[in-house]
Amino acid sequence: MAYPFQLGLQDATSPIMEELLHFHDHTLMIVFLISSLVLYIISLMLTTKLTHTSTMDAQEVETVWTILPAIILILIALPSLRILYMMDEINNPSLTVKTMGHQWYWSYEYTDYEDLNFDSYMIPTQELKPGELRLLEVDNRVVLPMEMTVRMLISSEDVLHSWAVPSLGLKTDAIPGRLNQTTLMAMRPGLYYGQCSEICGSNHSFMPIVLEMVPLSYFETWSAVMV
């Protein structure tokens, strides 16, 4: 979850988010090494008079500064492509939930159940209970089973929206007339918050997302009550 004044990324709750965190650290280390090398060279240029002003040709140096960046780009591209393919892969989902974006709320439909659907609106600040988060709580949470693959079908009724939950590494555009899909799997129970991540009008900041990941037995009880 997120914490006040947090500087880093949220804790990973899904295998995809764990991979994204590892890739972030991998890329950041490469950027740090390159930046350190550049700063070292600049400091040498500023503190020494040993400059090669008469050098006209240096094929060895040109070869190094051509091949080395290519190798670095490959080291960044290969894990990135692997994660992209993992995010697009859908393996026998146990449950499908259709999500529709509206100005300015979300509606959800559990397609595996005959009549299980609801709208999800943000709870106004004056109606919050002690311990609830401002601008992030909703009147109807999306309850899903943990440790199971869930497919989300995402679209929009009016303008562009984006369905995003950072702890799960999810961000999928909701486009009118187009059905996008993504998968999620939470490794532990809890409440996971997100928000619309595409500017969609005056109340864009007031359409949060709340996922409640629970054990399968609790989900079956909840779905039986809702239906």
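Glycine is no exception: its Cβ is also placed from the backbone N, Cα and C atoms.
Reduced to three states, the DSSP call for Cys200 (Cu cation A1 binding site) is coil. Positions annotated as Cu cation A1 binding site by Swiss-Prot, on the basis of similarity to another entry: His161, Cys196, Cys200, Met207.
Other C-beta atoms found within 10 angstroms of the C-beta of Glu198 (Cu cation A2 binding site) number 17, with every protein chain shown included. Among the features that Swiss-Prot reports, Cu cation A2 binding site is placed at Cys196, Glu198, Cys200, His204, with the record citing similarity to another entry.
According to Swiss-Prot, the Mg(2+) binding site annotation covers Glu198.
For Tyr218 (phosphotyrosine), the Cβ neighbour count at a 10 Å cut-off comes to 15, with all displayed protein chains included. What Swiss-Prot lists as phosphotyrosine is Tyr218.
The topological domain 'Mitochondrial matrix' feature in Swiss-Prot is assigned to 46-59.
Residues 9, 51, 72, 75-76, 79-80, 82-83, 86-87, 166-170, 184-185, 187 of the same chain lie 6 or more positions beyond the ends of the transmembrane segment (15-45) yet place their CB under 8 Å from a CB of it. Feature annotation from Swiss-Prot assigns transmembrane segment to 15-45 (among others); the stated evidence is similarity to another entry.
Annotation source Swiss-Prot lists transmembrane segment at 60-87 (among others), citing similarity to another entry. When Cβ-Cβ distances below 8 Å are used as the criterion, the transmembrane segment (60-87) is approached by residues 15-16, 19-20, 22-23, 26-27, 30, 34, 169, 182 of the same chain, each at least six residues removed from its ends.
Contacts of Cys196 (Cu cation A1 binding site) defined by a Cβ separation under 8 A and a same-chain sequence distance of 6+ are given as Gly101, Trp104, His161, Ser162, Trp163, Ala164, His204, Met207, Pro208, Ile209, in order along the sequence. Cβ neighbour count within 10 Å across all protein chains ranks His161 highest among the binding-site residues His161, His204. If you take the C-beta of Cys200 (Cu cation A1 binding site) and look for same-chain residues 6 or more apart in sequence within under 8 angstroms, you find Gly101, Gln103, Trp104, Val159, Leu160, His161, Met207. Taking the mean position of the Cβ atoms of His161, Cys196, Cys200, Met207 as the Cu cation A1 site, the remaining same-chain residues with a Cβ inside 8 Å of that point are Gly101, Gln103, Trp104, Trp106, Ser162, Ala174, Gln195, Ser197, Glu198, Gly201, His204.
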